[in-house]
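Participant: Look at TrEMBL and you will find 19-49 tagged as region 'Disordered'. According to TrEMBL, the feature compositional bias 'Acidic residues' maps to 27-42. Look at TrEMBL and you will find 184-216 tagged as repeat 'ANK'. According to TrEMBL, the domain 'PGG' annotation covers 550-668. For 560-582, 602-624, 644-668, 674-695, the entry in TrEMBL reads transmembrane segment.
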């Protein structure tokens with residue numbers, strides 16, 4: 001659509017009321033005298049754009065100016081302006097602070113008119129048409145063909161016409177590849193790096209190696225631009241640019257630029273590239289990024305999912321992960337992170353066999369391939385952390401290192417997120433870190449608040465006996481010792497790791513009792529400045545959770561007891577109304593004896609019916625015991641969970657036994673005539689049992705594990 005530029009004035013673009021529009025119109029008319037009214041066809045063309053904003057209208061006019069220089073030349077005669085520099089607002093009558101500036105002179109007019117076909121070809125990616133133009137006019141290879149001073153190459157790569165760009169690069173001189181677009185100052189290499197096009201980058205660098213050192217208006221070299229994008233192929237182009245970018249003055253690998261580069265690579269999960277950069281330029285460990293003022297160690301601490309400790313693996317994933325061999329593992333010896341406890345010879349034999357199977361399955365099974373990639377990231381991240389801490393030890397004194405961690409949130413973040421790999425390595429190299437404080441809290445206080453038993457144990461093992469006792473007896477400014485921190489209610493994030501308020505209360509009790517055992521008797525009765533002991537604080541903090549746990553236990557028990565009572569009623573009645581009936585006539589010796597007494601299916605019925613009755617009655621008794629419990633804090637530790645485990649287990653068994661008895665009954669009644677009926681009876685009888693197992697077994701397994709499975713802290 002071609003617009004008549006005189007038409008775009010405030011009074012025409014944005015109608016206003018008479019009161020509101022008087023000043024605006026008068027101001028506009030003072031700046032630019034009102035020209036002739038627009039023709040009817042101009043008004044019709046504009047009528048489709050009544051809702052357009054000034055900015056949208058300006059953008060459309062700019063496009064028209066670029067595509068049609070004749071239009072620009074025609075409209076210039078209607079407006080008073082300085083020929084050397086014209087702002088779009090001068091044409092529209094709309095004041096704009098950041099209106100684009102269009103350079104207008106005779107040579108520019110000629111250039112726009114001359115290169116318009118080339119511009120259209122570059123916009124469309126039409127290489128054949130462009131090649132004809134280049135053959136006729138070789139100067140057009142490097143000509144600035146738009147008002148924004150873009151070359152055909154910059155237009156092509158910006159529009160993602162890669163074949164066009166690749167062919168054009170072969171014809172262009174190397175110096176022209178350094179030309180930058182106006183808005184962001186990007187070269188063609190910047191754009192190719194952003195889009196992950198390694199082939200285009202190679203073609204540019206082969207012609208002009210200096211292209212890797214040019215910075216755009218954001219002060220970024222192409223390598224830095226590549227790390228900020230998540231396009232496909234980014235890893236390949238980042239690796240390539242790391243090798244061809246030179247470490248010269250104003251190097252992108254040192255100082256804040258180097259720290260920013262390493263942090264961006266870490267955020268992209270390219271830890272292998274991060275290792276490559278860090279090994280070449282290790283001093284970036286003590287540098288902060290330009291914008292966020294972040295140390296590289298902080299960047300990696302913010303990504304707990306990049307470590308084994310931050311991954312939630314199920315039973316099968318854990319076993320596959322353990323014996324999966326990666327390039328950094330010694331083949332045939334299992335997992336270097338999680339060595340098996342079996343004898344060395346047996347471990348070698350089993351690991352070799354299992355690893356060979358996994359090596360075959362990795363490229364063929366997507367889930368195993370994904371797990372392999374995950375383990376590779378974990379090992380690269382762990383190796384990068386070790387190298388960072390080792391380099392920090394070399395570059396700093398003991399005092400400087402402690403100051404570094406006091407001013408950095410890397411270690412505190414690792415403790416809060418449970419990233420044991422970072423905490424373990426830091427404490428191994430700098431054991432005195434256990435004494436640093438943040439907001440009057442030591443590392444062990446933070447670990448206790450986050451309910452991270454592994455890190456609490458790790459901190460205690462790092463210290464000798466005297467230091468351990470000092471740590472466990474040290475309090476904050478309010479007089480709260482480690483046991484007081486353990487008495488506080490855990491965060492909702494930690495509580496939600498287990499399901500049900502009762503299990504949450506059990507976990508809190510286990511942690512508190514474990515810490516109580518660790519601090520010893522002398523520190524159990526210590527009072528804070530409010531005069532409260534840790535036990536008093538625990539009771540106060542967990543009162544609502546205890547009530548929620550009581551309600552959860554009662555609700556679960558009530559519903560399950562209804563089912564158990566129903567089963568007991570049914571199987572009890574079935575014992576006296578046996579399938580097939582009994583002898584009612586004949587000798588007294590046979591009277592009342594079941595007719596099918598000597599059939600195997602009848603014995604199956606009798607045994608299953610009896611087991612269903614006994615187990616359902618046991619389940620009822622367990623649920624009654626739960627309902628009549630006192631629900632003290634200590635009851636949530638083992639008493640209540642044990643009763644619920646027995647109740648759910650016997651209820652499940654009674655349901656299974658009832659279905660067996662029902663199947664045996666149908667076999668007795670119909671088996672002599674329809675022998676095939678046993679197969680569908682068996683299949684359909686398994687459905688409710690399986691459903692109950694699938695729905696309730698996760699809760700049952702979780703309760704068994706949390707109650708009896710060995711853990712760091714146990715009452």
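Note that Cβ sites are derived from N, Cα and C of the backbone, with glycine treated the same way.
Could you place the listed features in the three-dimensional structure?
Facilitator: Mean pLDDT across the repeat 'ANK' (184-216) comes to 94 in this model.
Below 8 angstroms of C-beta separation, residues 591-596, 602, 605-606, 609-610, 612-613, 616-617, 619-620, 623-624, 627, 647-648, 650-651, 654-655, 657-658, 661, 664-665, 668-669 of the same chain, each at least six residues beyond the ends of the transmembrane segment (560-582), sit close to that stretch.
Residues 557-558, 560-561, 564-565, 567-568, 571-572, 574-575, 578-580, 594, 596, 643-644, 646-648, 650-651, 653-654, 657-658, 660-661, 664-665, 668 of the same chain lie 6 or more positions beyond the ends of the transmembrane segment (602-624) yet place their CB under 8 Å from a CB of it.
Long-range Cβ contacts of the transmembrane segment (644-668) within its own chain (Cβ-Cβ under 8 Å, at least 6 residues beyond either end) map to 502, 553, 556-557, 560, 563-564, 567-568, 570-571, 574, 579-580, 596, 599, 601-602, 604-605, 608-609, 611-613, 615-616, 618-619, 622-623, 626, 677-678, 681-682, 685-686, 688-689, 692-693, 696, 699-700, 703-704, 707.
Non-local neighbours of the transmembrane segment (674-695) in the same chain are 652, 655-656, 659-660, 662-663, 666-667; each lies 6+ residues outside the stretch with a CB under 8 Å from one of its CB atoms.
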Participant: Helix, strand, coil residue numbers for the repeat 'ANK' (184-216) per DSSP?
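Facilitator: For that range the per-state counts are 23 helix, 0 strand, 10 coil.
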